[in-house]
Amino acid sequence: MNKKGVSVPKKRVDVGDEKVLSPALTQALAHVKDFMTENQKASIIAREGKIIMDAGDIRGAIECFNEGISYNPTVSLFSLRATAHKLLEMYTEAYFDYSYNIRLEPENGMHYCNRGLCLSRLKKVSMALEDFEVAIQYDPSTTNYYSRATTYADFGKFEQAIADFTVAIGEEGPGTVPTEFKLRCKYRRALAYYELGKYEEVVKDTNQILLLDTNSVQARALLGRALKVLNDHKKAEEQLSVAILLDATQANLYIERGDIRFRTAQRIKVIEAVYDFDKAIAILEKKLDARNNTHTQDTLVSNTPFNARRGAPHRASSHFTVAPKESDEGEMIDPTQLLSIPHHNYTNSTMGVSFSQIPGGVSSGATSGTGRHKPSLLSKSPKSGLNRHNSILSNGSGSGMGSVSQQSHGTYGFPTGAQVPAAFYREIEEQLADALFKRTQAKLMADPDQANVESALADGLKALTLFNEDDDYYMAVATCYMRLNKYDEALHMLQTVLDRSPNNYKALYHHAFCQRASGSQKHAIEGLTKILALSGPESSGSISASKLAMPIHRVYEMRGTMFHEMQAHKLALHDLGKAIAIHPVGADNYYLRGDCHSKLGNYEQALSDYDTAEENRFDDKCALYIARGEVRRLLGRSEEAANDFRLAYDLLDKGDKVGRVRILSFRAFCQIDQKSYRAAYDSLIVAQAFNKEILIEKMSKFTADLEAAEEMIHKYLQKHNNSWHSKPLSELEGDILYLKRIDWILTYHCALCEYMQRDFVHAQELLEACLTPDTRKP
C-alpha cells in the first residue's frame, strides 16, 4: 500500500534471464496473442488497463498503459495514462502525457485544454491560460470555455471567470447547450458573483437554476447564503430549511441555517441556532467516530469531499474539475458528464465589539475567512462569502450539479479499494471546529448565566484542540473567560493572537478591556492608543471603522472612560468628543463628558450634555438627575435643581440610605438658596436620621459595645490632634469618621436654618455641638 492507500503491484523485474510480471500486467497480457498486430495488441492492453483502473488498481493500470504505448503510442493510450496519473495526483506526469498527444494531434483543442487543467493543478497559471487560449482557437466549444473559467475562478480572477461562464452558458455564443451543463455553468458563475460581492446577481442565477431543478441542494444553499448577506434572514432561513428537507445528512446545511438564525439576534432564533449546531456537530462527530472503523466507512455520505487539488490556492469557489473525458478512441464525450468534485465553501464570520455585546448583525459573521476568521463575539465581514468552514458545495443528493459517477469510485469519491486520506478527516475536523465555535457564540448570546457560559467555554476549548490556527477561536474563548471574570486566562488567549498578529484590532481592544478590568490602566490605554494609531488619521472616522471591522467609537469611548476614571478630564473630553462625533447617539458618552465639563467648571456645557443624555435615554436616571441638579444649583437655578433632586429621590432604591442622605442634603441646600428654611430644616433632619442609622451600623461592626466604640474614636481623634486628615487605623474607622463629618455638616446647616428663622437658642445649641472635639471640622 502506498501513502494514499492505493495498492501498488510488483513491477516487472529481471531475475536472471527471466522477467517477472506484475499481476495487473500479467492479466492484460493474457489477452494478447502472437498473431495480433502491434495496433491490435496496444488496443487490447488499453482495454484491459481501463478495466483494471476502474477496479481501483491505478498503478497497475499505468503499467499496462506503458506496455501498450511500447507497442503503439496512440492518443487514446496517452489519454488513459494521463487520467490514471491524475487520479494519483501526478499532474506533472499527466502534463507530459497530454504533451505527447499534442505532438500527435497538434490541432486538437481538447489536448490543450487537458494540459491546461494539469498546469492549473501545478499552479502554473499563465501557462495554463495560454493552453486554454490555444484550445479555444482550435475548438471554441462551451467545454473549453468552462474549463478556462474554472481556472480563472480557482485563482481569484472572477471577472474573467464570469465572462467565460457566460459564453459557456450560451448567452453570448452560438450553439445549443444542454440544460444540465448550463445549470452547472450558472452555479459556478453564481459562486464567482458571490466572491465579488454581487449578491443580487447570485440571487438571480440561483433562482434561474431552481426554476429548472427545484431539488438542487447546492443552489438553495448558495441562494440562502446570498440572502443572508443581503439581510433577508427570513427568506434565507426558508431556503436552508428546504435544502435540509432534501438532504438532512449534510452538516454544512445545519451550520449555515444556524448562522442565519444567529444573525437575527432574536433570543428564540438564537436558541434554534444552537439546536442546528447540535445537529451538525452530531453528524460530524459520527463521521470522525467511523474513522477507524473500515467496515462502516463505505456507508457514510460525505458532505465535504476531499480537495484533490493539493497545494492549490484555498479559495471558496475552487472545484476539482477533471478534464473532459475521452472515449477509448480518444473522442470527447458529452460535456454534461464532466466530473466535478467541489471544494469547500464556508461561512465568513466575525465578532465585533466589546465582550459584553454579542453581535447579532452580519458578522461571522459571525465567520472568518481563511485569512483567519471568524465572530464575536466580534462580528465578521460578509465580503469573503464562502470560506473554510460552512461548506455550501457538496455531493448531496438532488443537487444536479457536481454529482460524481460512482462507477470507479468508492468511499467518499475515492478510487475503489483506496484508503480515505487523513487530510479528508482533517477537513471534517476543521468543519467540526467551526460548528463548535459558532455554537459558542450562540450560547453566549442565548443565555448569559454562568452555567451556559461555562458550556460555551468548553465548546470553544474543544474547537481549539481541533483547529488552533484561527484567531477568532481564541477570541471566542477569551470572551468566555471575560464573562466568567477570569481575566488572566483571557489575557493569555488574547496574547496568543497578538503574538501571531500584533495589529489585530479586535484582540488589542479586548486585551485593553482585560487590562482595565485587572487594574492596569496604563497598559490598557497603550493598547487602545495603538489601535487608533493603526486606524489612520483621526479625520477619517468612517474609514477607520471599516478598516477596524469594529466600531472605532468604542475605542475612543473606552479610552475616554479610563481617562475619566483617572481624573484626567481634559484628555477624557477629547476622546469622548471623538466618540460622540462618530456615534452621536451614545447616552453614556454624553453623561461622562458632562461630568468632565462639570469638574472643569464648564457648567453650561455640562448641562447641555446631561440634557442630551436624558434625550438619548441614559439608563441610570437617578445618577443623571443628581449630577444635573448639582450643575443647575451651581448655575443659580436652584428651583430646577430641587426638582431634579426630587426626581432622583423618587427613583432611589429604598435600601440606599447613603444615597438618601446625599439627595436630601442637596435638596436642603437648594431650599436654603430659595430661603425655604423650614423645608430645608425638615430635609436635613431626615437626612441626619438616615446618617445616624448608617453610623450605628458601622460602629456595631467595629464593636458590639457602641459606647466603647465612641470612646475609641474619641481617643483616636485626640491622639491625632482631632485632625480629619490623619490616616485612619482601618477602612472601617475611616468610614465612621466620614459619617461623623457628614453629621457635622448636617448639624451646621440645621443651625443655619434655625438662625435664619430666629430660633437663636436652638441654633446656639447646634453650633456648640459642632464645636465638640469628636465632630470639629478642620
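Glycine residues also receive a Cβ, built from the backbone N, Cα and C atoms like all the rest.
TrEMBL annotations: computationally assigned, not manually curated.
Taken from TrEMBL, the feature repeat 'TPR' covers 42-75 (among others).
The annotation repeat 'TPR' is assigned in TrEMBL to 109-142 (among others). Summed and averaged per residue, pLDDT over the repeat 'TPR' (109-142) gives 91.
What TrEMBL lists as region 'Disordered' is 358-412.
The compositional bias 'Low complexity' annotation in TrEMBL covers 360-384 (among others).
Under the heading compositional bias 'Low complexity', TrEMBL lists 391-410 (among others).
What TrEMBL records for 471-504 (among others) is repeat 'TPR'.
Through the fold, the repeat 'TPR' (587-620) approaches residues 557, 560-561, 564, 567, 569-570, 572-573, 576-577, 579-580, 627-628, 630-632, 634-635 of its own chain, all at least 6 residues removed from its boundaries and within a Cβ separation under 8 Å. Among the features that TrEMBL reports, repeat 'TPR' is placed at 587-620 (among others).
Taken from TrEMBL, the feature coiled coil covers 692-719.
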### Query
Which residue counts does DSSP yield for the repeat 'TPR' (109-142) in the helix, strand and coil classes, in that order?
28 helix, 0 strand, 6 coil
